[in-house]
Amino acid sequence: MPCSKLKGICVGEENWVDSRTIYIGHKEPPPGTEAFIQQRFPDNRIVSSKYTFWNFIPKNMFEQFRRVANFYFLIIFLVQLIIDTPTSPVTSGLPLFFVITVTAIKQGYEDWLRHKADNAVNQCPVHVVQHGKVTRKQSRKLRVGDVVLVKEDETFPCDLVLLASSRDDGTCFVTTASLDGESSHKTYYAVQDTKAYNTEKEVDTIHATIECEQPQPDLYKFVGRINIYMNNEPVARPLGSENLLLRGATLKNTEYIYAVAIYTGMETKMALNYQSKSQKRSAVEKSMNAYLVVYLCILISKAVINTALKYVWQSDPNRDEPFYNQRTEAERQRHILIRAFTDFLAFMVLFNYIIPVSMYVTVEMQKFLGSYFIMWDDEMFDEELGERAVVNTSDLNEELGQVEYVFTDKTGTLTENNMEFIECCVDGHVYVPHAICNGQVMPDAAGMDMIDSSPGPEAREHEELFFRALCLCHTVQVKEEETVDGIKHGIHQGKSTSFYISSSPDEVALVEGMKRLGFTYLRLNDGQMEILNRENEVEKFDLLDVLTFDSVRRRMSVIVRASTGEVYLFCKGADSSIFPRVISGKVDQVRARVEQNAVEGLRTLCVAYRRLSPDQYQEVCQLLSRARLALQDRDKRLAEAYDLIEKDLILLGATAVEDRLQEKAADTIESLHKAGIKVWVLTGDKMETAAATCYASKLFHRNTQILELTTKRTEEQSLHDVLFDLSRTVLRQHGGMTRDTFSGLSGDCTDYGLIIDGATLTAVMRPGQEGSNSGNYKEKFLEICRNCSAVLCCRMAPLQKAQIVKLIKASEEHPITLAIGDGANDVSMILEAHVGIGVMGKEGRQAVRNSDYAIPKFKHLKKMLLVHGHYYYIRISELVQYFFYKNVCFIFPQFLYQFFCGFSQQPLYDTAYLTLYNISFTSLPILLYSLMEQHINMDILKKDPCLYRDIAKNSLLRWPSFIYWTVLGVYDAIVMFFGAYFLFDNTTFTSNGQMFGNWTFGTLVFTVLVFTVTFKLALDTHYWTWINHFVIWGSLIFFVVFSLLWGGIIWPFLNYQRMYYVFMQMLSSGPAWFSIILLITASLLPDVLKKVIWRALWPTTTERIQVGTNAGRNGELLYKIKKIFFLIVLWVFWNNCCN
Amino acid sequence: MASSYNAKEEDGHHSGASSGAGAAKNRKPDNTAFKQQRLPAWQPILTAGSVLPAFFVIGLIFIPIGIGLYVTSNNIREFEIDYTGESSNSPCYSCAKNVTWNSTEPCFCTVNFTLERPFESNVFMYYGLSNFYQNHRRYVKSRDDRQLNGDPSSLRNPSKECEPYRTSGDLPIAPCGAIANSLFNDSLVLYYIDSNNSQSEVPLVKKGIAWWTDKHVKFKNPGGNSNLTAAFQDLGHSTAKPVNWRKAVYELDPSDPENNGFINEDFIVWMRTAALPTFRKLYRIIQKKPGATPTLPSGNYVLHITYNYPVLSFDGRKRMILSTISWMGGKNPFLGIAYITVGSICFFLGVVLLIIHHKYDNRNTSADIPS
């Protein structure tokens, strides 16, 4: 061992090894067995906090200033500090400081909470077995290799391998609700050889080491091996995820367990899963960044132009330094280049408000606060589940209004995933449970209708086997309490009530169906499955092995030994994965029935069996144990082993289970279609079932022409030909359609629906051998898809779903995609799509956890997109445009003023105005607008999905509208500046002859500015609640009150009093009032005119509906007023003309 | 700023730490109007029909206002005379050539002019400067408001902003800074030449030319208005006069202690920096005479100028302006014209909109409302 110890010391380099060795109870293995590399493991301290007391300030500052915007403002602030700039550093320092401090306090507080939570977790007591006694330890002191005692309802302190439990069979029940939200109980198994050691004394005598992989975040994967030294003879046993108890999960229904710690602290799977998801950015954010770049260019060019002009202007020394305005000596000494550079920076500082700090704050506040409306939405609350919509990220609110493609899962999303057993068919004879009266199951009414009677003796045997197979071949648990939130199905069995629980609702439906047909699965007891058969006799089967279900194989098997001693393998799975492995049985009859059922939208499963001779069984056992012991590629080897075992099957029959459509699924899909969104269904189900669901959910209509791109077709023709065929069909139609593309959904042209299956998709996506051809396939495929109104992809593996999403995302138009699903198999596509939505279904919480938004039901997608998405998009696009607009209005007059003050960087406005303009005078109205605005009523948006098309393709943030806003801003700035200029032009405008100075000039411009900008927003507001009134008029009043106060007092802390009485003097002058009114009117005029004329001449659908509803509401009165007014106008005209 | 990104990570932490199942109870959102976004609201929509009246109303209001303003402005008498003396035939030519900012001897010149029409009511006398950048940044900030407010410590130790006009030798300058230093120091005296060619001085009032608040609050002499000399000379430290000045600040108007030192009105007027490079400042007021005689009857006048202020070096101009004032201030046709223009545009647009409204709006509202 010395060598291993030596190695152990220099673990630093050894950390990379891909497996770790754990000594249970820290007992060294007997010498000479194997030289393990002892590693050093972290302690069990959970650190979810980011900062410590010491590094908080530097680390937090670093984090914050890593954002480009913050960094930009920091630079501006530093420039202001260093050089002599026109505005005091306070103007940009204060907002920045405010933002940084608020963020830091918020993050600090959150971190403090995390510290507290961490401490609570780290210090909570844990029972550890040491020297045969149970001692209490703080959780954080737990080390890898410690043997831990966990009692019922306690949470596991770290990742543990189960050694023994209070139950004789060495199992324990666990709920992982806090990990993945699945509240059903899961069974975990102790290592067979140690399950007998179930007191602390005995546990302490276990002498074993565990080899396992290094920690990895996948919750459902674990491979390891335990070496137990009995009499110094190592026995190796496999360890899998069924032995691994995860930190965060809770022990249920089991008195206590003993387990050994293998991953601790930050290496537990829970901790590893906290890695944040990759950042998704919305289209609005992208255009905002593009605008920022434009404005940055404008800013720099403004500064450059002004600097250049300054030096041209200054070339005359009498202008540069007239006798009344000399430089200091130090300034004169400075090199001209340094001076020019300083001037450039000073101009940058002067104009930097064009990119305001507050915009980022406002946008983030809008997103954050706005997302509450989604959570608060009563209509998206589901009574049944008791769940409401969840917002995991508020960054994508507006993206909901931009969706062009919806990728939806079928099971659990479109359908309820609430399975009901409909029928089974054994060798072509169909059995239907008849005990359904008005949808209610009659207790104890075990019987059936045989549609096709008279089975022969051989069939009788098959029938018996079939029912037993369905009773045995599953992983359903029987729960005898009703505390479970999961799937509850009461079975009355004597006195106690019990439920079937399973992670797969299909299995529950099947077992229940069997019960109705007379075979009741009672329990799994001591490795024996008990069945109550039709004659009310209990049959017992030894459960020898379970070949668990996975989505690649799409089947599962059990190996059982009947009381007669015969060993059976029962296999249940999708037809496509069973039929190729069947060697006998009435394949054709069953297949016909399966296909018929599939067309009706039922989920079908085939059941087959194989009788294993003792030799075969031995062989199977060896195959399995060898694969299970493997440390590397265990999954692959297991799959191979399963493949070898599940063969030569004899077909018994098939089952059909109905999965009902979610309520209003069809209505939702229709609305999405009308909204111009393409809906794709991606499912793992088989084509016929999926297609039936698609018809039922109105994805395909009766007149939809279905194009198939499936294995069946590609077997007949080459993929190449099929693709070109299809594209020709589609394009021919499309060519005829181009004429009226703009009319939207024209009724008479045929819709196309495409069905593609997983295998063909792989072929399409496969990087081609000839290089050029493959890209061609992809493009052809995309072209076909683009012209189809609906696409159904069946037989999809989870990764393929993501691939499809990626393919569409990367296509030319870069459409915005949305993926919606409820299961773990949808996670990849949810993460891939621009917006990922999780449905709170029955397949656990994985999808919800990884999604951006989660909704209780599929139908809520309609409101989510058509109402919330639409609103958020309208709101945020106005927010962004308005922010740039108001800052153009704000800064452009300063730019113009430079031409009249010798390019000396003299600010037009007072420091207080510069600072507060974006913070308090104009910030709240737009924020509240962007939270409250409803340009159209919610109900109309829902009723009329077409309106969604009006905002498609980021229409409100395109360059033309951006330019319009900017031009409007520049126009307003020019009106304001030159209006004031001509008013001031060499004259007085007071009645006592006194003159005003430059600060009055600035204040006049600023007053007009604040009012114009606020009124502009008021004109854009379509939804005036009292809050809007309060905020809009309130901020104007605040501006006036502030100005009165600011100029009303000699502020002792200021070393200038330039604003003293300026505002009041200005208001005491009549012409100032007149010019304020005039300039505001003149500034607003073009925008009003543009709005009105565009609305009259080129109205969008939205605008038409607005007018329509408005006319309906108060049209009557308005019409009369207009009529009278019209007459008056005519009369005035008439008189004028006559005179 | 970074909040939302971080908040997201934190959400992950929290949901992990707290038990997810416990919170499931009673999650039904409150059914309040605010949370359901159903607050009662006024939903106005700008259509041609609804803004039509506004346009006409604006037009009908603005045009009369504009006419009123224009007429008022036209009724104002204004007379302006440039006495810079840049051309050789101007009476102040020699002064303009000789005077520099540090010349000690004053130079005198006189300018004759004729008022064609009499000036009624109060007449305001301005001096105007052109091409003088009082709004240059270096200039605007070159002052110490604390010092001007009579703060003794600032008097002894003026603000850095006053550089290079902060100290003269070792002594602090009072008032410091470029603005004060370049105080306009021409004096203008107006004589009326009556029919028998005798000159009579027109009485010029030098009070009430500065803002009341400036004179009484913003500007204060250190240690009160009595004994200014002591305040500026002996108060522990003595101060120096601004470099360009001929006399110290406490000698600006020795005759009137209420108009001397920092509260001298000419000084206060100058200290309010102008907005644009061409500006005028109120110099004197000619009070209306009792009775019906006009304040300034038509006829010949002579302006006696003590020419101290050099402007030719930076290509500047000096003017003397006489103006009457209405309720809307001096002569400025801009506002009236602008009002008339905007009013007519509104009226015109109103007509255009009326046409549009009748041609298109009805069609839109009636025909195209989708079901």
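Placement of Cβ uses the backbone N, Cα and C atoms for every residue, glycine included.
What TrEMBL annotates here:
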{"type": "DOMAIN", "residues": "A:38-92", "note": "domain 'P-type ATPase N-terminal'"}
{"type": "TRANSMEM", "residues": "A:65-83", "note": "transmembrane segment"}
{"type": "DOMAIN", "residues": "A:125-200", "note": "domain 'P-type ATPase A'"}
{"type": "TRANSMEM", "residues": "A:290-313", "note": "transmembrane segment"}
{"type": "TRANSMEM", "residues": "A:344-363", "note": "transmembrane segment"}
{"type": "BINDING", "residues": "A:Asp409, A:Thr411, A:Asp822, A:Asp826", "note": "Mg(2+) binding site"}
{"type": "ACT_SITE", "residues": "A:Asp409", "note": "active site, 4-aspartylphosphate intermediate"}
{"type": "BINDING", "residues": "A:Asp409, A:Lys410, A:Thr411, A:Glu507, A:Phe549, A:Lys572, A:Arg603, A:Thr683, A:Gly684, A:Asp685, A:Arg795, A:Lys801, A:Asn825, A:Asp826", "note": "ATP binding site"}
{"type": "DOMAIN", "residues": "A:848-1100", "note": "domain 'P-type ATPase C-terminal'"}
{"type": "TRANSMEM", "residues": "A:912-932", "note": "transmembrane segment"}
{"type": "TRANSMEM", "residues": "A:962-984", "note": "transmembrane segment"}
{"type": "TRANSMEM", "residues": "A:996-1018", "note": "transmembrane segment"}
{"type": "TRANSMEM", "residues": "A:1030-1054", "note": "transmembrane segment"}
{"type": "TRANSMEM", "residues": "A:1060-1085", "note": "transmembrane segment"}
DSSP, reduced to three states, assigns A:Asn825 (ATP binding site) to helix
For the transmembrane segment (A:65-83), out of A:290-313, A:344-363, A:962-984, A:996-1018, A:1030-1054, most C-beta pairs under 8 A are with A:344-363
Which one of these stretches, A:290-313, A:344-363, A:912-932, A:962-984, A:996-1018, has the most C-beta pairs shorter than 8 Å to the transmembrane segment (A:1030-1054)?
-> A:912-932
Cβ pairs under 8 Å with the transmembrane segment (A:996-1018): which stretch of A:290-313, A:962-984, A:1060-1085 has the most?
-> A:1060-1085
From the Cα of A:Asp409 (Mg(2+) binding site) across to the Cα of A:Arg795 (ATP binding site), what is the distance in angstrom?
-> 12
Quick one: among the binding-site residues A:Asp409, A:Asp826, which has the most Cβ atoms sitting within 10 Å of its own Cβ?
-> A:Asp826
Work out, from DSSP, the number of helix, strand and coil residues along the domain 'P-type ATPase A' (A:125-200).
-> 8 helix, 35 strand, 33 coil
DSSP three-state assignment for A:Thr411 (Mg(2+) binding site) | helix
What remains of the binding-site residues A:Arg603, A:Gly684, A:Asn825 once a 10 Å Cα-Cα cut-off to A:Asp409 (Mg(2+) binding site) is applied is A:Gly684, A:Asn825
Count of other CB atoms lying within 10 Å of the CB belonging to A:Arg795 (ATP binding site) | 23
Rounded inter-Cα distance in Å - A:Phe549 (ATP binding site), A:Asp826 (Mg(2+) binding site) = 17
Distal contacts, the transmembrane segment (A:290-313) - CB-CB under 8 A, six or more residues away = 319, 340, 343-344, 347-348, 351-352, 354-355, 880, 884, 895, 898-899, 902-905, 962
Report the largest Cα to Cα distance, in Å and rounded to a whole number, among the residues A:Asp409, A:Lys410, A:Thr411, A:Glu507, A:Phe549, A:Lys572, A:Arg603, A:Thr683, A:Gly684, A:Asp685, A:Arg795, A:Lys801, A:Asn825, A:Asp826 that the record lists as binding ATP.
-> 25
Rounded to a whole number of Å, the separation of the Cα atoms of A:Asp822 (Mg(2+) binding site) and A:Gly684 (ATP binding site) comes to 13
Ranked by how many other Cβ atoms lie within 10 Å of their Cβ, the binding-site residues A:Thr411, A:Arg603 are led by A:Thr411
For the domain 'P-type ATPase N-terminal' (A:38-92), jot down how many residues DSSP puts in helix, in strand and in coil.
-> 29 helix, 0 strand, 26 coil
Rounded to a whole number, how many Å is the Cα of A:Arg603 (ATP binding site) away from the Cα of A:Asp826 (Mg(2+) binding site)?
-> 19
